[in-house]
Each structure stands twice: as C-alpha cells, then as structure tokens.
Amino acid sequence: MGRLLSLSLLGIALALLGERLLALRNRLKASREVESVDLPNCHLIKGIEAGSEDIDILPNGLAFFSVGLKCPGLHSFAPDKPGGILMMDLKEENPRALELRISRGFNLASFNPHGISTFIDDDNTVYLFVVNHPEFKNTVEIFKFEEEENSLLHLKTIKHELLPSVNDIIAVGPAHFYATNDHYFSDPFLKYLETYLNLHWTNVVYYSPDEVKVVAEGFDSANGINISPDKKYIYVADILAHEIHVLEKHPNMNLTQLKVLKLDTLVDNLSIDPSSGDILVGCHPNGQKLFVYDPNNPPSSEVLRIQNILSEKPTVTTVYANNGSVLQGSSVASVYDRKLLIGTLYHRALYCQL
C-alpha cells in the first residue's frame, strides 16, 4: 500500500511538472517563427554592440539609450564591460551615439542599467530615471541631465522593499515614478521557480518621497510601462502573458484596470509616438531563443504599432520583423519625426528613416 501511494504521488508530481513545462513553452512562444518585414532606410548604430534595452526620446529629439544590461543566465556580448547611458541627437543629419559622462562619486564599475525614463520639470530641468542592477541588486537612480556638458549629475539612489525586481519605470515627477516588478522575489532561484510555476505575483509600484505603494498586481511578469499623452492612463506590458494592460490613473496615483489587449508575441518595452499617441512595442517573437542563446539560431525581432488602444478594436500592425540575421532580441522601439530607433536586450541597435 505504501509503495502504491508513493508511486501515485510520484506520478502526480511528474504530471504536474510536465504540464508546467508545456505551459512555460507556450508562454515563451517556443515554436514561433517570424516572416521578415523590412524597412528600406535602416542601418545599425555604431558603438552599440552589447544591447540597448531601453530608449527614451525628449521632445527636442535627444534620445537616451540604456546599454550593456546583464542578468543572471542571460547572454551578453560584453560580460566584463559596465553598462552606460548613450545619447543621440535625432535632429542631426547623420546622428551618432555618444556616451554621457556621469558625475564623480557614482559607482560606474557596477552600473547595470535597465529601463529608463525622462521627466522635464516646470523650470525645464531634465531628469533621467534609470533602473539599475549593481551586482544584480535593484535600485532606481535619478540623474540631472546637463546638456551643455553632455553629462549626467547623479542626484539620488532609491532602494525599497517594494522594489525587489524592478524592470521598467515611467517618471511622473522630479522624484516620483511608477515602476514594474517583473518578479515577486529577488533571489535568482526563487525567480526561476516563480516563473516556472506561473504564480502571477508581479506588480506595479508607485513611488514618491512621501508614499510608496503597490497600485496594480496579478501580472505574470510585468515589464514595460508608459503613460498616455494626456497623462490619464498607464500602459503595462505583461511579457509572458502576451498582453498590454490599460490602467486608469487616479488623483491619488492609484490605478484601476480598464482593458487588456491580447497579442501573439512577448511584449517588452512600450513607447509613445508623440505625433499620434500610438504605442510602439518592442517584442520577442520567440522567448526560448532569447533566453537559451544559440548563435546559429538567434532570437528574432519584432516591432508592433498599436493605434487607438482605448477603442473597442485597436489596430495592430507589424512595423518591423527580422529572424535575427540583422537584429536579435528587440526590446524597444521609439520614434521621433519619422526616425525610428530599435533597441535590443543584448545585441545591436537599429536606426531607420521612415
């Protein structure tokens, strides 16, 4: 009887593990391939060789790139080189990416930037918020951008127990932001277990100097975040659920879910086209290729444009797609004055004239 019970429990455990593995493959879109959708006037950006995970563009055409992200278990083309922030002036005829100097006293050796966001104050001061993973920990760094010197002045490092696994950020004040946690845990093993078991414990946190609180939760893996042009709605990408959530923002900064847009790809960072309000999405068509890197079968890239997301039937179009022969692992796409920038998790970056 005891052996029969043991065999029964073992069978149940193996069946559960098999079901979770199959579910994970489906969440990763492990069998998906893409057909190329090319743009005619594109070139790889010189100086970006090991990822440009996030991009944010100011209204004057200055684009900031977060480069050199490293995460446990994730491929890197420059594992020993610290990350940095690059800038490109899109008003120039032939723009170049230049690395911004960061003020003394900031630990450059452990700089590991992830999501970024800019905020322009009433006095036209530009703040750059950077999700940072020094030694794979989690902080948010606030810098002041000094345009004349092409430099960043470090103002503040933020750590908080409600920010255990920060992915992306959208600034809504000089020291105020919403941030996504892509995992509930900070320990690497528990992160893997959480993902495998599909616990849906990730969330969005609002931070201010006076208040820190969870304002939305229940995501599979909350990732990119942005705000609508009228500042009324927050958009959140749930990468492993293949969804974009639209949340209404209230005066007390709480959020309530308004709708969910389901897609057929792993959605990463979200950018807003300032001329139309459309959402541009950097996507991973096949997450298994992204996380299990094979140079002979590299991860593909995909950029979607979402028009009228608040309508009953938003329009979703593919702007760009590549099988990895040019661009591997697209994570973000940002547009300014018919110029498109596409960044990647750990590969190159693309500049296109539309």
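Quick reminder: no glycine exception, Cβ is built from N, Cα and C everywhere.
Pulled from TrEMBL:
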- HIS114: active site, proton acceptor (ACT_SITE)
- GLU53, ILE116, ASN167, ASP168, ASN223, ASP268, ASN269: Ca(2+) 1 binding site (BINDING)
- ASP54: Ca(2+) 2 binding site (BINDING)
- CYS42-CYS352: disulfide bond (DISULFID)
- ASN269: N-linked glycosylation site (CARBOHYD)
- ASN323: N-linked glycosylation site (CARBOHYD)
- 1-15: signal peptide (SIGNAL)
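The two recorded residues, ASP168 (Ca(2+) 1 binding site) and CYS352 (disulfide bond), show a Cα separation of 24 Å. A simple Cβ count within 10 Å picks out one of the recorded positions CYS42, ILE116, CYS352 as the most packed, and that one is ILE116. Relative to ASN167 (Ca(2+) 1 binding site), the recorded positions with Cα atoms inside 10 Å are HIS114, the candidates having been CYS42, HIS114, ASN323, CYS352. For the recorded positions GLU53, ASP54, ASN223, ASN323, CYS352, a Cα-Cα cutoff of 10 angstroms around HIS114 (active site, proton acceptor) retains GLU53, ASP54. Each residue contributes its Cα atom, and for ILE116 (Ca(2+) 1 binding site) and CYS352 (disulfide bond) these two points are 21 Å apart. Sequence-distant neighbours of GLU53 (Ca(2+) 1 binding site) (same chain, 6+ residues apart, CB-CB distance under 8 A): SER66, VAL67, LEU69, PRO113, HIS114, GLY115, ASN269, SER331, VAL332, GLY343, THR344, LEU345, TYR346. Using CA atoms as reference points, the binding-site residues ASP54, ASN223, ASP268 were checked against CYS352 (disulfide bond), and the closest is ASP54. Across the fold, the C-alpha of ASP54 (Ca(2+) 2 binding site) and the C-alpha of ASN323 (N-linked glycosylation site) stand 20 Å from each other. Using a 10 Å Cβ-Cβ cutoff, ASN269 (Ca(2+) 1 binding site) registers 30 neighbours.
For ASP54 (Ca(2+) 2 binding site), the count of additional Cβ atoms within 10 Å of its Cβ stands at 30 [all protein chains shown].
Those same-chain residues not listed among GLU53, ILE116, ASN167, ASP168, ASN223, ASP268, ASN269 yet with C-beta within 8 angstroms of the centroid of the Ca(2+) 1 site C-beta atoms are ASP54, HIS114, GLY115, VAL131, THR180, GLY224, ILE225, ALA237, SER331, VAL332. The two recorded residues, CYS42 (disulfide bond) and ASN323 (N-linked glycosylation site), show a Cα separation of 16 Å.
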